[in-house]
């Protein structure tokens, strides 16, 4: 199936969206807007509860007698489950719909917090990680938004999810710390459990049973999935063969990988290199959350409406290279606060633009699987990152992360300048 046929099918599908929702004209636009707002709400709640538990899990693990090595195994277990589950979740969304996938994610979160609330031993704590294989609230919201928007609106709509990330980071980290210190370590877990139940009900009531139209045979005959299984290497390879997908995905993985290694080691770097206390580290995370909200809410969408996606992709990689140089030369936490501004811009732009490009490069029947593959990038970094990051930090120091970031992104920038990646350029 060539790009032209897919494009024609996408345009026809876009025109059928009103019919799918049982609305027409202005009322259809309002309906879509309401569903997208509900998706944002679910994503914000999901990230808030996730950051709440991230802040207390180290203390819970320590209270149960788990040492640093065991805690590393716990984190790796969660990372592997998320890595494997990302693509399976995306395939599930394609086969059963965005609503079913989002409900599955919310229900898995409820089971996750239920198991955490009764984790009075190390085996139970490890068991509580198992529902993480289907906990993909952000990709679920992305799937809803992808189905409900036209290609020209997609980058802007996906970019606004960064607001949800910032809200979740600030509210989750703050609430987790306050509740655990005042009322006990399990209270944030109980709050997250009740919140997850409410989040599940919101998804059931407010997300429509079908968020995109069925494409006609002209579009789906040769381009849709040929396998009914939820996990298939053949299906991943099939998606990677669409024009431009492999090239953009390689850029997505490698451009942010050095930064991912740095963030994995950040808790140690903040103590040893910057000399920060736990409270000061919390303030720094809140600062990042505010930057994320500002950049994603005010900058990414506006640029996406006025520049081509390839231009923005090159810009993000170039800024990443500049950030790498800054990280290599930084000496104090104030240097890092300055570097954080272009860092958050580059990271937000790269994530939003690559997700938008990749979902438009494949048939709409495969956008869930594509988003699932994209969602697996971060768990992959969390899985292999601790070993690589630990070696870099121990052998070469903090500056090594910056130099690696600089070299990798210079190579990628030259590659993007010289290559002719076939993209369906759409801008408002």
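Every residue number used here counts from 1 along the chain in the order it is shown.
Every residue gets a Cβ built from N, Cα and C, even glycine.
Cross-referencing 311-329, 368-386 with TrEMBL places the feature transmembrane segment at 311-329. Per TrEMBL, the listed range annotated as transmembrane segment is 102-126 (candidates: 2-26, 102-126). Annotated by TrEMBL as transmembrane segment, the relevant range among 220-241, 396-417 is 396-417. If you look at the transmembrane segment (336-358), the same-chain residues 6 or more away from its ends with a CB under 8 A from one of its CBs are 142, 154-155, 158-159, 162, 244-245, 248-249, 251-252, 255-256, 259, 274, 284, 287-288, 291-292, 295-296, 299-300, 303-304, 309, 312-313, 315-317, 319-320, 322-323, 326-327, 330, 370-371, 373-374, 423.
The stretches the transmembrane segment (102-126) and the transmembrane segment (35-60) meet in space: the count of Cβ pairs below 8 angstroms, excluding pairs fewer than 6 apart in sequence, reaches at least three.
The list of residues near the transmembrane segment (185-207) in space but at least 6 beyond its ends in sequence, with Cβ under 8 angstroms from a Cβ of it, reads 34-35, 38-39, 41-42, 45-46, 48-49, 52-53, 55-56, 59-60, 63, 98-99, 102-103, 106-107, 109-110, 112-114, 116-117, 137, 144, 175-176, 179. With a cut-off of 8 Å between Cβ atoms, the residues of this chain six or more beyond the transmembrane segment (72-90) that come close are 57, 61, 66, 101, 104-105, 125-126, 129-130, 132-136, 139-140, 143, 230-231, 236, 368-376, 378-380, 382-383, 386. Using a Cβ-Cβ cut-off under 8 Å and counting only residues 6 or more beyond its ends in the same chain, the transmembrane segment (157-178) has close neighbours at 36, 40, 43-56, 138, 141-142, 145-146, 148-149, 188, 191, 282, 285-286, 288-297, 300-301, 304, 348, 352, 355-356.
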